[in-house]
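Per TrEMBL, the features are:
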- 19-398: domain 'Major facilitator superfamily (MFS) profile' (DOMAIN)
- 20-41: transmembrane segment (TRANSMEM)
- 61-76: transmembrane segment (TRANSMEM)
- 83-104: transmembrane segment (TRANSMEM)
- 110-131: transmembrane segment (TRANSMEM)
- 143-165: transmembrane segment (TRANSMEM)
- 171-191: transmembrane segment (TRANSMEM)
- 227-246: transmembrane segment (TRANSMEM)
- 258-277: transmembrane segment (TRANSMEM)
- 289-309: transmembrane segment (TRANSMEM)
- 315-338: transmembrane segment (TRANSMEM)
- 345-370: transmembrane segment (TRANSMEM)
- 376-394: transmembrane segment (TRANSMEM)
Amino acid sequence: MNTYKNSTSLSAQSPSTMWVSILSLGTFIVFFQGFMVAPILPQLSELFKVTVQHVSFIEPAYLLSYGISTLMYAPLSEKYGRFPVITFSLCGFIMATALTGFVQNIDQLIFLRLLTGLLAGGVAPTTIGWIGDNFPYEKRGHALGIFFGFMAAGTAFGSSAGALLTSFVGWRMLFWIVAGLGIIILGILVINRGNFSQKQNESTLRGKMMLSEYYNILKLSRARRTYIFVLLNSMFHSGIFAWTGYFFFSNYYLTERGVGLALLGYGIPGLLLGPFLGKMADKFGRNRIIPIGITVGAISTLLLAMQYPLLISCFLIATLSLAFDMTHPLFAAIITTLSERKGIAIGLFAFVMFMGYGLGSLIFSLIINIGINKSFQVFGFFAVLGAILSFFAFKNER
């Protein structure tokens, strides 16, 4: 395993994890907005008079554009610093989110979602880069557990609030509320900007140098297998979660409010157990926790497809969230050790992750005609294969 010399010096300078939580607020609101539309796909299809399959493309439009944009923000964060890139990206996200509330048809909505993804792509990966800069590897799991806890909470509360608030204020007001919350979070970050300061990198990566950095990372077998699992795990979780709202709507005939309550459990494990799971990985090794996490996700999905009583399905949503929290933060910790230019390695991580998110939701949209439960079974079967392979792929990780 490859770690770097600055690990010891970072130990003495590591900031309080409170600042990780504050900086992660930006990621929370981005993911809140990213997934708040998934539970209201049936309502949007009726509103715009299109099929659910058609309106479902608003998810991959957002996620794929987000993934592509991360490659642009990675070198910018290396040159100008992590915090300026985070605040710039958050400003763009706020503006595009507010504009989305004014769309008049499904094509405009898809376009604004695509634009929002392009602008918001610098928030989450650059935050991971800041964590990698400031925490040594032996403490990074804890910090990344906090970060991914906020990410999972944003995903869960976004989907829950998306369904709950829409029934009270309408979907347009939902976007304007999120834009307002984004302004508040931006203000909190700016007020505390002194705690996120970073020396600018005098060297700028351009053209061939940029490609060379990517090549140097990807020529490592450890990097290739980690990025492959990031892609596949992202496809699995995004494909399933993007359609869980429709799953409850079609199988249990829940209203928007009921769907929101059913999905509330998705963020609880990450919010409550994220730091603890990170410490577990630091103590017992990622080679043990990652395969267990993928297995939990596979079993949860296959059991959901069997359509047990509603309360059991709600519990399985929480275990599906636990599976995410046992895998993605651990992948991120490994990624931060692949290169001394953490911004580049993490930018590539974010690109692969969000391409996986987009592809997963897109593939699910394309196979949904076989039925929601059978689609869950297909994804669950491939997750079982992934769990088996992960035992061998990560056997040397610590």
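Yeah, the Cβs are placed from backbone N, Cα and C, and that goes for glycine too.
A TrEMBL annotation is a machine prediction, not a hand-curated record.
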Quick one: do the transmembrane segment (110-131) and the transmembrane segment (227-246) have at least 3 Cβ pairs under 8 Å, skipping pairs fewer than 6 apart in sequence?
no
Check the transmembrane segment (227-246) against each of 83-104, 143-165, 171-191 and return whichever range has the most CB pairs under 8 Å.
143-165
Non-local residues, at least 6 beyond the ends, that sit with Cβ under 8 Å of the transmembrane segment (61-76):
34, 85, 89, 110-111, 113-122, 125-126, 129, 204-206, 210, 238, 343-344, 346-348, 350-359, 361-362
Mind checking which residues reach the transmembrane segment (289-309)? Cβ under 8 Å, same chain, six or more beyond either end.
229, 233, 236-237, 240, 247, 251, 277, 280-281, 316-317, 319-320, 322-327, 330-331, 373-374, 376-377, 379-381, 383-384, 386-387, 390-391, 394, 397
Before we move on, state whether the transmembrane segment (20-41) and the transmembrane segment (171-191) share at least 3 Cβ pairs under 8 Å, counting only pairs 6 or more apart in sequence.
yes
For the transmembrane segment (143-165), find every same-chain residue at least 6 residues outside the stretch whose CB is under 8 Å from a CB in it, and list them.
17, 20-21, 24-25, 27-40, 124, 127-128, 131, 134-135, 173-174, 177, 241, 244-245, 256-261, 263-279, 281, 321, 324-325, 328-329, 332-333
Residues from the same chain, set at least six apart from the ends of the transmembrane segment (315-338), whose C-beta lies under 8 A from its own:
1-4, 128, 131-132, 137, 140-141, 144-145, 147-149, 152, 156, 217, 220, 222-223, 226-227, 229-230, 233-234, 237, 240-241, 244, 262-263, 265-270, 273-274, 277-278, 281, 286, 289-290, 292-297, 299-301, 303-304, 308, 345-346, 348-349, 353, 397
Summarise the model confidence on the domain 'Major facilitator superfamily (MFS) profile' (19-398) as a single mean pLDDT, whole number.
86
